[in-house]
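I have placed the structure first, in the form of structure tokens, so that the comments after it can refer back to it.
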Amino acid sequence: MDTQPGNDSQFYLFFRTRLGLDSATALLKRPVVVMAPLGIVSALEITFAAMFVALLIWSLANYLYLSFGNLHMHKEGEKIWEAKLRSVSLRLGYIGNICWAFLFFPVTRGSSVLPLIGLTSESSIKYHIWLGHLSNILFAAHTIGFIIYWAITNQMAEMVEWSKTWVSNVAGVIAIVIAMPMWVTSLPQFRRMKFELFFYTHHLYLLYIFFYVLHVGDAYFCMILPGIFLFLIDRYLRFLQSRQRTALLSARILPCGLLELNFSKTPGLYYNPTSILFVNVPRISKLQWHPFTVSSNCNMETYELSVVIKCQGSWSDKLYKELGSSLDRLQVSTEGPYGPTSSHFLRHECLVMVSGGSGITPFISIIREIIFQIQKPNFKVPRVIMICAFKNSADLAMLDLLLPISGAPPQISQIQLQIEAYITREEEPMTETHKPLQTIWFKPSPLDSPISATLGPNNWLWLGAIISSSFLLFLLLLGIVTRYYIYPIDHNTEQIYHFSYRALWDMFLVCVCIFIVSSVVFLWCKKQNAREGNRIQNREIATPVTSQGVSPWFSGAELESLPHQSLVQATKVHFGSRPDFKKTLLDLKESDVGVLACGPRKMRHDVAKICASGLAQNLHFESISFTL
């Protein structure tokens, strides 16, 4: 396939090709288990999960074998079973540390590791959830075991001990107390009902990490350091990027309660379809950041980046009202975009995209990517079947987003596009007049800047420089502190350097090294991005204009736009019925069919079960929604 990916994509694609990962994992990515609460699980995920569980079981068995063979009675008169209870409780904590060693990799959005195996932080968020639940179970058992042990041996005072030469028990108690509300609010039932409470409570992770490290000490901190180190670098770079105000150019308000925000971006910013962008609107909430699907194509829309927002919560409802109140400027900050490193879905002979409601938004960017790729010579266009399920006919306006706000090239007519739209709650077309489609243009501000890559076009190279430089600096400073401060206290005096202070030094030096190196590199790249941003601002129109139009789905007037004609002609609307996924998928004759699903969980699970049933070997499933 002839593509022109950005530098990051070329880097990761090269390594994945050389390693043979794409072809080797194609069959293993088929769904095997489709059930709650695990969600859609592939054979590859089951394999690695089984290997990880085997590692935990082997580690626990080995720990217990060695400890039971060399039991030490910590108290006179202590019984064998009490000593074994203490040993088991301690080793359960050790096993929880193994989970923590992997816990932060999936949530490192700008990860330098996950793309090498074809993952993004969004697609692997369920691994973070699994590891989080497992580690909390182990740490809870570790805590309860020790409480029982202290109670039966009359040592409850140990709970509040802060030992100078060994672990701090009180720090561990504080850590588990912080962990409990984080764990409870992250449960699916609670998270769906009280998302904002989950969001704010989860930010206690900083305190959790702090007291956890004080409890386990510097030795076990080094065990989880790689994941923590990469996460802190990523989190600090995201913080620096989010401090910048983003230039919001325009907004499209659709009659179905859908918004499309169009931001300015630098031409050098590259991203793939199905990427997401985190958006913050201080006028609504200074703390809340919400992820939204990027609908634009970085090749077709050189200077613009668009995201789609469905009004289905308090935050999005407030934004909808703000945009409808005749604003001429809206302050917005963004973070990202984040997404896959390649457009792998274009390799299929046929693409079936199944969506429910606003789940259509990831497919908008895929359609636009195909529109762009079709202009290249020798590009084999996949046949595209889009199955959309909407509640009401007003939601048909979402299909307008398949065409960019600036219009689309007539090449859309060359795509083998078939759209099957199902209106589930209406038996026939509604005759009432729908609200017009509204486009709002905003005044530019000198304080705003276009969205750009955090570390410039050579993001992977700069990120590698930050990781290696900050880690070497950490080792150097740690060596100096140990040799000239801690070592003299340990060996030249009768004192023993405080166990927890060593952990404090490690955490302090890690943060200092990351902050120094990341800040220097970010500011250097920011200067480079600012030059490109100034050129973009000079070309933008300074006069805001608000315009209205009628969606072709609700208008009987003759369409003058060739792209809109092609789009309407490719669409067949079914009223009062639901799609028959099984019949549609099993009737496909192509040898390689990519099946992408995004929308309600039940719909995704139904499609995944069909692909996993073995009734058709040509179906390759991929879920675009990353909730379980």
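From the backbone N, Cα and C atoms, a Cβ is placed for every residue, glycine too.
As recorded in TrEMBL:
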DOMAIN    241-344  domain 'FAD-binding FR-type'
TRANSMEM  46-68  transmembrane segment
TRANSMEM  88-107  transmembrane segment
TRANSMEM  127-152  transmembrane segment
TRANSMEM  164-184  transmembrane segment
TRANSMEM  204-233  transmembrane segment
TRANSMEM  460-487  transmembrane segment
TRANSMEM  507-525  transmembrane segment
Distal contacts, the transmembrane segment (46-68) - CB-CB under 8 A, six or more residues away: 28, 32-33, 84, 87-88, 90-92, 94-95, 98-99, 102, 130
Secondary structure tally of the domain 'FAD-binding FR-type' (241-344) (DSSP, helix then strand then coil): 13 helix, 40 strand, 51 coil
When counting Cβ pairs under 8 Å to the transmembrane segment (164-184), the leader among 88-107, 127-152, 204-233: 204-233
Surrounding residues of the transmembrane segment (88-107) on its own chain - C-beta under 8 Å, 6+ positions past either end: 52, 55-56, 59-60, 63-64, 67, 113-114, 119, 121, 124-125, 127-128, 131-132, 134-135, 138-139, 141-142, 144-146, 148-149, 212, 216, 220, 223-224, 226-228, 230-231
